[in-house]
Amino acid sequence: MTATLERRESASLWGRFCDWVTSTENRLYIGWFGVLMIPTLLTATAVFIIAFIAAPPVDIDGIREPVSGSLLYGNNIISGAIIPTSAAIGLHFYPIWEAASVDEWLYNGGPYELIVLHFLLGVACYMGREWELSFRLGMRPWIAVAYSAPVAAAAAVFLIYPIGQGSFSDGMPLGISGTFNFMIVFQAEHNILMHPFHMLGVAGVFGGSLFSAMHGSLVTSSLIRETTENESANAGYKFGQEEETYNIVAAHGYFGRLIFQYASFNNSRSLHFFLAAWPVVGIWFTALGISTMAFNLNGFNFNQSVVDSQGRVINTWADIINRANLGMEVMHERNAHNFPLDLASVEAPSVNG
């Protein structure tokens with residue numbers, strides 16, 4: 001029998017690049033999504049840092065009253081932010097080359113659009129990269145599905161809401177106090193606390209925190225001891241070991257007696273699916289709620305819904321919230337409005353000349 005050996009031609013430069021990009025042996029997986037993710041996230045991060053430190057004030061409301069957001073213009077870490085693009089720009093695509101000068105671009109808040117659009121592309125590619133690495137390793141795709149919740153939330157406040165409101169100036173500022181301002185104004189204009197999708201998001205985040213703490217504490221309390229009393233129980237675990245590291249039967253028995261039997265999972269896979277799904281679904285709903293309120297489909301309005309037999313209003317908590325909303329609304333962008341629409345009279349008074 002004769003074997004014929006044929007020398008394999010060396011792969012082309014492109015072929016070697018493809019192999020390197022898709023290799024799961026790299027210390028950090030790159031992937032085709034990573035080819036776009038890396039430059040977009042690096043750009044967003046670099047511009048954010050520079051603008052947070054040194055960007056000049058931005059005319060956010062388009063009324064020639066610039067708002068300072070950077071450290072060099074008097075802010076600290078708490079009050080500083082990347083100020084959203086000016087209302088004078090609206091939803092226009094506003095790259096540097098569309099402005100007459102860099103000074104004009106900075107004055108109109110160009111860095112905000114640059115950061116937000118690169119950031120959204122980057123996190124979407126990060127999600128795609130999670131799926132891609134899972135696919136290469138033969139894993140199921142649910143890591144990327146879970147990450148879609150924060151991606152949807154970011155897209156809602158940075159892109160969908162500005163589109164619905166007609167201007168990037170209504171997007172969430174990139175800073176701590178700016179985020180709080182966004183939340184307060186959002187409540188004033190959309191009554192988000194009375195929106196059922198926001199309520200589901202609160203249940204998702206707080207419930208997820210509770211379930212995570214419950215699960216972690218139950219597992220930690222039911223470890224199978226492999227060490228002496230003089231050593232930490234954590235030292236008894238060896239990475240990659242085949243044996244269970246905790247006694248799920250003991251944990252199930254404890255929790256079943258603490259609450260009731262069927263409140264406790266007896267299937268580890270069902271348990272971990274629940275731990276992932278609860279906060280993810282909640283945040284999906286919140287992102288959907290923001291996206292609907294972007295187009296002014298707002299939270300429930302139960303104002304003055306309880307009256308006595310004489311027709312006099314009996315205030316409920318809904319009326320208290322409404323009063324707070326009106327107070328917040330008259331205070332924000334105080335120089336941009338002659339009079340808030342919500343407080344304007346339905347009918348103009350007649351004037352007899």
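In case you wondered, yes, glycine gets a Cβ from its N, Cα and C as well.
Since the structure is predicted, the reported quantities are computational estimates derived from the model, not experimental observations.
Positions annotated as N-acetylthreonine by Swiss-Prot, on the basis of sequence analysis: T2.
The phosphothreonine annotation in Swiss-Prot covers T2.
What Swiss-Prot records for 29-46 (among others) is transmembrane segment. Beyond the ends of the transmembrane segment (29-46), by six or more residues, the same chain brings 20-23, 114-116, 118-119, 121-123, 125-126, 128-129, 131-133, 136 to within a C-beta distance below 8 angstroms of the stretch.
H118 (chlorophyll a ChlzD1 binding site) falls within a helix when secondary structure is assigned with DSSP. What Swiss-Prot lists as chlorophyll a ChlzD1 binding site is H118.
Feature annotation from Swiss-Prot assigns transmembrane segment to 118-133 (among others).
Annotated pheophytin a binding site per Swiss-Prot: Y126, in sequence order. Following the DSSP three-state reduction, the secondary structure of Y126 (pheophytin a binding site) is helix.
Residues or ranges marked as transmembrane segment by Swiss-Prot on the basis of sequence analysis: 142-156 (among others).
Per Swiss-Prot, site 'Tyrosine radical intermediate' is recorded for Y161, and the stated evidence type is sequence analysis. DSSP assigns Y161 (site 'Tyrosine radical intermediate') to a helix. Its own atom aside, the Cβ of Y161 (site 'Tyrosine radical intermediate') has 22 Cβ atoms within 10 angstroms in the protein chains shown.
The [CaMn4O5] cluster binding site annotation in Swiss-Prot covers D170, E189, H332, E333, D342, A344. Counting every protein chain shown, 23 other Cβ atoms lie within 10 Å of the Cβ of D170 ([CaMn4O5] cluster binding site).
A simple way to gauge crowding: the CB of H190 (site 'Stabilizes free radical intermediate') has 22 other CB atoms within 10 angstroms, across all the protein chains here. For H190, the entry in Swiss-Prot reads site 'Stabilizes free radical intermediate', with the evidence type sequence analysis.
Summarising the annotation, Swiss-Prot assigns transmembrane segment to 197-218 (among others).
In sequence order, I192, T286, G289, G299 make up the list of same-chain residues 6 or more apart from H198 (chlorophyll a PD1 binding site) whose Cβ falls under 8 Å from its Cβ. Per Swiss-Prot, the feature chlorophyll a PD1 binding site maps to H198.
Feature annotation from Swiss-Prot assigns quinone binding site to H215, S264, F265; the stated evidence is sequence analysis. Sequence-distant neighbours of F265 (quinone binding site) (same chain, 6+ residues apart, CB-CB distance under 8 A): H252, L271, F274.
Counting only same-chain residues six or more apart in sequence, the Cβ atoms lying under 8 angstroms from the Cβ of H215 (quinone binding site) belong to L271, L275. Marked as Fe cation binding site by Swiss-Prot on the basis of sequence analysis: H215, H272.
According to Swiss-Prot, the transmembrane segment annotation covers 274-288 (among others), on the basis of sequence analysis.
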Non-site residues, in chain order, whose CB comes within 8 A of the mean position of the CB atoms of H215, S264, F265 at quinone: M214, L218, A251, H252, F255, L271
Long-range Cβ neighbours of the transmembrane segment (118-133) (under 8 Å; 6 or more residues past either end): 24, 29, 31-34, 36-37, 40-41, 43-44, 47, 139, 141, 143-144, 147-148, 150-151, 154-155, 158-159
Close approaches to the transmembrane segment (142-156) from elsewhere in its chain (Cβ under 8 angstroms; 6 or more beyond its ends): 119-120, 123-124, 126-128, 130-131, 134, 276, 279-281, 283-284, 286-288, 290-291, 294
Cβ neighbour count (within 10 Å, all chains shown) around E189 ([CaMn4O5] cluster binding site): 20
Cβ neighbour count within 10 Å of Y126 (pheophytin a binding site): 19
Binding residues H215, S264, F265 (quinone) - maximum C-alpha distance in whole Å: 11
Those recorded positions of Y126, Y161, H272 having Cα within 10 angstroms of E189 ([CaMn4O5] cluster binding site): none
